[in-house]
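Structure record follows, encoded as structure tokens.
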Amino acid sequence: MDLFEYQARDMFEAHGVPVLAGIVAHTPEEAKAAAEKIGGVTVVKAQVKVGGRGKAGGVKVAKTADEALEHSTNILGMDIKGHTVNKVMIAQGADIAEEYYFSVLLDRANRNYLAMCSVEGGMEIEQLAVERPDALAKVAIDPAVGIDQAKADEIVAAAGFAEELRGKVADVILKLWDVFKKEDATLVEVNPLVKTGAGDIVALDGKVTLDENADFRHAKHALLEDKDAADPLEAKAKAQDLNYVKLDGEVGIIGNGAGLVMSTLDVVAYAGENHGNVKPANFLDIGGGASAEVMAAGLDVILGDEQVKSVFVNVFGGITACDAVAKGIVGALAELGHSANKPLVVRLDGNNVEEGRRILAEANHPLVTLAATMDEGADKAAELANAAK
């Protein structure tokens, strides 16, 4: 779960990370009151879970409370990369002398943790990593040890901090590691981490991603979820325990097993190049259970996406045999009735495949087309989606 900046700021503060004052506001009037309470120069910052706020006009400096009112009036309701701004954070202005970068994240490729640090912050870190990779220090973190004082010292030295700053920055890094470890995060990022004119090290912006698999250890994490900010289809799928991610294409995807679903996305995208450049509309893994209830729930979510023009069901029968999957599809279509109004291409293989195909053939549903292979199914689904565009 990604946190809003103001939530990350509050979490940092709770773990002793130095931050400046910040108050969330949902209306221009609340923004003005917050600016008056903080006093002096403030920054009005759009609260959306996406980057590029500054370039989109979602971050503005306010020298007075009236300016904070004006800026928040313009920012609230703004669309930033498809995300509507429903709240802003009024942040205390900072006297910035230098900007740095720090993050610690789960390194899935190497089954490890990774700390990244640079004395050049404030810019897109991806751009820095490409243009000047030597400016971004990367230090592997042993999960069994974490970031202790020795490792924090190693990180700041590798990043090239001046000797007189290393102790201060290392102290902040230790506290950020405390956030990462104790909150079960998969990402903690500060960009920029700044040195103020007074020489203090302060986290001026923050990004935190929490591991939802660890929610059972953190009752308070449920309170951080903003259902209004979630994609409605993803929220609907989550309520039904479906592993669903919405994408931007036209071909709905249902499969069993994350690996098979990801392969299906690739094959559909490739097939779409020959059919109007249609693309996958979602990732949906129904796992090992393909009952009528699960299939109906999955189809209900996918068919609720107005962008979807066809659906490709790609299942390899294992523990759940293909005949059970076929019965689930037939039952799902019957349960959904008129709301099932888009063509389905179904490819079955594996355990009891012949019986599964027989069940679908006998059902003879007008929306269902059987495919013998994944390539054939992807091509047909892309063709149908393109025809319906």
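Glycine residues also receive a Cβ, built from the backbone N, Cα and C atoms like all the rest.
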K45, K63: which one does Swiss-Prot list with G52, R53, G54, A94, E99 for the ATP site? K45
Per Swiss-Prot, G318, I319, T320 bind substrate; matching candidate in N213, N243, N256, N386: N256
In the three-state DSSP scheme, R53 (ATP binding site) belongs to coil
Comparing the binding-site residues K45, R53, which residue's C-beta has the most other C-beta atoms within 10 angstroms in this structure? K45
When the Cα of K45 (ATP binding site) is compared with the Cα of each of the binding-site residues N191, N256, G318, I319, T320, which one is closest? N191
Near E99 (ATP binding site), meaning Cα within 10 Å, which of N191, D205, N256, G318, T320 (binding-site residues)? N191
Assigned conformation of E99 (ATP binding site) - DSSP reduced to three states: strand
